[in-house]
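Accompanying notes for the structure given below.
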Amino acid sequence: MPGKLRSGAKLGSDGAEESMETLPKPSEKKTRKEKTKSKTEEATEGMEEAVSSKAKKTNKKGPSEDDVDPPKSRKAKKQEEEPQDDTASTSKTSKKKKEPLEKQADSETKEIITEEPSEEEADMPKPKKMKKGKEANGDAGEKSPKLKNGLSQPSEEEADIPKPKKMKKGKEANGDAGEKSPKLKNGLSQPSEEEVDIPKPKKMKKGKEASGDAGEKSPRLKDGLSQPSEPKSNSSDAPGEESSSETEKEIPVEQKEGAFSNFPISEETVKLLKARGVNFLFPIQAKTFHHVYSGKDLIAQARTGTGKTFSFAIPLIEKLQGGLQERKRGRAPQVLVLAPTRELANQVSKDFSDITKKLSVACFYGGTPYGGQIERMRSGIDILVGTPGRIKDHLQNGKLDLTKLKHVVLDEVDQMLDMGFADQVEEILCVAYKKDSEDNPQTLLFSATCPHWVFNVAKKYMKSTYEQVDLIGKKTQKAAITVEHLAIKCHWTERAAVIGDVIRVYSGHQGRTIIFCETKKDAQELSQNTCIKQDAQSLHGDIPQKQREITLKGFRNGNFGVLVATNVAARGLDIPEVDLVVQSCPPKDVESYIHRSGRTGRAGRTGVCICFYQNKEEYQLAQVEQKAGIKFKRIGVPSATEIIKASSKDAIRLLDSVPPTAISHFKQSAEKLIEEKGAVEALAAALAHISGATSVDQRSLINSQAGFVTMILRCSIEMPNISYAWKELKEQLGESIDAKVKGMVFLKGKLGVCFDVRTEAVTEIQEKWHDSRRWQLTVATEQPELEGPPDGYRGRMGQRDGSRGAFRGQRGGSRNFRGQGQRGGSRNFRGQRPGGGNRGQKRSFSKAFGQ
């Protein structure tokens with residue numbers, strides 16, 4: 001009967017002989033013992049409980065319940081076991097008694113034969129190996145076989161029996177064939193003789209049947225149990241349902257909240273939005289949509305690059321298109337959008353035009369002819385975007401009617417209500433607004449920066465029930481979180497050259513960079529500086545409007561890579577793929593820094609903003625850090641290695657763009673050059689020339705001064721003072737080092753110093769210096785972390801005749817800025833007299849910081 005054990009008496013001689021054939025050799029047993037020795041303690045309690053529970057039940061063909069002896073120790077069992085009437089069994093038993101008891105127990109545990117398994121049992125996975133030294137059954141001749149997962153008539157107690165471990169493939173085992181009830185490797189009853197030689201099927205993956213005849217066998221659960229065929233379809237469907245639920249979980253919350261189906265947006269508008277690459281509403285758009293659509297006044301604040309323009313454009317267009325009346329010629333605008341710059345006004349107008357084909361959108365700003373704008377007003381306008389100056393001109397000339405306004409938007413409201421525009425905005429809005437009237441147009445104010453005074457000024461234009469949406473709130477960081485903020489200390493005389501190196505490393509020839517300057521003159525000069533290898537154009541107020549539009553369009557299209565601009569490009573401009581923003585000096589107000597840095601890192605992209613500063617601008621930089629809630633990472637100028645590496649990458653990219661037809665014309669020259677110089681030398685020279693890096697100046701990593709190399713002297717202990725480093729330098733390099741080192745400052749934790757030396761002195765210093773357990777001298781490849789910002793040079797650059805005042809000057813000037821020399825000193829920062837007793841002159845704090 002399938003699933004039942006036969007008694008040892010009924011096994012017969014054939015079974016015994018077969019068992020003898022399948023017994024493994026002692027060496028094989030020993031090998032298995034060694035492999036499982038480390039696992040002998042895992043299932044001791046479970047196996048003992050299994051033995052005791054199974055000892056209470058017997059096969060119908062085996063001995064009765066009364067004949068079952070209680071479980072005994074392995075030694076006692078071996079002594080009491082007696083051979084059955086089968087001769088083969090007797091000989092086998094006597095042979096096994098000669099083996100050590102431990103090996104006998106192991107063979108009884110692992111080497112078992114099986115009775116005919118059912119189809120379900122044959123399909124089950126192979127069990128794990130049993131622990132060495134633990135018998136899988138009690139008295140083998142008297143007890144039922146150990147089952148897996150309760151199959152083959154399990155009792156309640158048997159269901160809890162731990163699963164035996166897998167036997168090795170191809171190792172047929174048997175206990176005492178005549179005495180013990182044989183077991184399968186998977187815990188089932190013994191198979192027929194034909195089945196013994198059948199190779200075991202390979203392990204199948206979960207959900208796959210081990211047997212090829214799928215129609216006859218039930219599917220397996222993960223735990224190896226068989227299952228009725230009906231639920232099979234359900235189990236196959238489960239992975240699909242699970243994967244679909246996982247897909248839903250993977251959708252970000254922002255996309256779920258911003259799905260178009262959550263808002264009353266027409267299909268036509270959705271198609272136009274998708275054409276612009278907008279597949280869902282951004283957080284600021286989703287949170288303001290219903291306020292704008294329902295006609296409520298609103299003040300909204302969100303970081304740069306988060307999509308504020310569409311926050312008011314989409315709901316206003318849907319509202320106007322929903323109540324669209326007859327399009328009369330000469331109709332007055334219903335929506336007025338005011339922007340601080342011409343470039344921003346032009347961009348907002350384009351955003352409106354891109355998502356509506358039914359409404360008329362016009363843009364009025366200075367620098368363009370009046371005639372075309374007057375003609376647009378005669379034709380009729382639904383949405384008017386413009387700058388305050390030109391809108392005011394049309395009002396004063398009586399050409400523009402704003403009495404029909406229903407919606408007014410002030411983009412970059414903090415600048416629109418500031419002193420520069422406040423009077424013009426007041427004059428424009430007083431035409432459509434009445435004091436304390438509920439019939440005033442809906443007022444919408446948007447910006448990335450909203451100081452407290454903005455709310456006070458804005459209240460006179462807004463209803464008392466206005467809404468406020470602030471996605472920045474009390475968060476410390478006001479600037480874009482997708483932008484990395486870096487700072488480089490550099491004197492203004494070195495600034496242009498260092499900016500050129502920075503662009504090479506952080507943007508390259510293929511990237512786009514915006515450089516912000518404080519004045520129009522600086523912007524014009526920097527755009528024409530030869531240190532900037534990439535094509536550069538300037539954008540400022542003195543450039544004619546037509547040229548400004550051409551320049552901005554060319555930069556958007558990638559016709560040139562560097563745009564040098566004043567604040568006209570700081571606000572609102574959405575220029576794609578700007579990799580780097582450079583600010584030539586800290587701005588006067590933190591709002592300008594936030595808007596400038598926001599030209600990169602837009603719409604989920606990341607970007608870098610680098611701010612240059614001098615000693616006297618440390619205070620301004622700290623103010624930006626405090627108010628913008630950011631922390632600048634102070635870095636040194638790009639090293640020669642970094643510049644060359646970046647330049648070579650750019651040159652290789654340029655090689656990829658050369659067409660094959662052009663290459664064929666240069667093959668003969670290339671072959672000749674390779675013969676003369678060699679392939680590597682020739683190609684390296686070509687790459688250097690293409691990249692423009694034929695000569696790279698070494699620069700100080702402390703203050704960016706050309707012709708200097710920064711070196712680091714590390715100490716294994718904390719240094720009490722800076723003279724501790726000077727003493728070690730003089731001991732190894734001699735007194736002459738006094739004239740070669742300058743700008744020495746502590747490293748973080750005072751575990752060393754860094755200083756500058758002239759480029760030509762580096763090799764000499766490296767040859768003379770010998771590292772010790774306490775001191776190690778290296779050339780810096782990047783700016784080290786300093787104990788504090790260096791307060792200018794206090795070094796020992798002076799001569800013995802008294803010219804060391806500013807740099808350190810123990811004999812030729814003091815260690816402070818004013819160079820209080822004891823024997824004179826002509827090289828301090830403040831000194832006026834070339835010799836003797838130069839004490840410099842005092843300066844006030846405000847003068848020192850240019851305030």
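Note: Cβ is positioned from N, Cα and C throughout, glycine not excepted.
Feature annotation from Swiss-Prot across Lys39, Lys75, Lys96, Lys842 places N6-acetyllysine at Lys39.
Taking Ser189, Ser236, Ser597, Ser803 one by one, Swiss-Prot attaches phosphoserine to Ser236. Note on the motif 'Q motif' (258-286): residues 293, 300, 302, 306-308, 310-311, 314, 317-318, 321, 354-357, 469, 471 of its chain, located 6 or more positions outside it, place their CB under 8 angstroms from a CB of the stretch. In the structure shown, across all protein chains, Lys308 is the one of the binding-site residues Arg303, Lys308 with the greatest number of other Cβ atoms within 10 Å. Across the fold, the C-alpha of Thr368 (phosphothreonine) and the C-alpha of Thr309 (ATP binding site) stand 24 Å from each other. In terms of DSSP secondary structure, the domain 'Helicase C-terminal' (501-645) contains 57 helix, 26 strand, 62 coil. Sitting within 8 Å of the Cβ centre of Ala302, Arg303, Thr304, Gly305, Thr306, Gly307, Lys308, Thr309, and not among those site residues for ATP, are the Cβ atoms of Phe282, Ile284, Ala448, Gly598, Arg602. Counted over every protein chain shown, other Cβ atoms within 10 Å are most numerous around Gly305 among the binding-site residues Gly305, Gly307. In sequence order, Gln347, Val348, Asp351, Asp411, Gly572, Asp574 are the residues near Thr309 (ATP binding site), counting only same-chain partners six or more apart with C-beta under 8 A.
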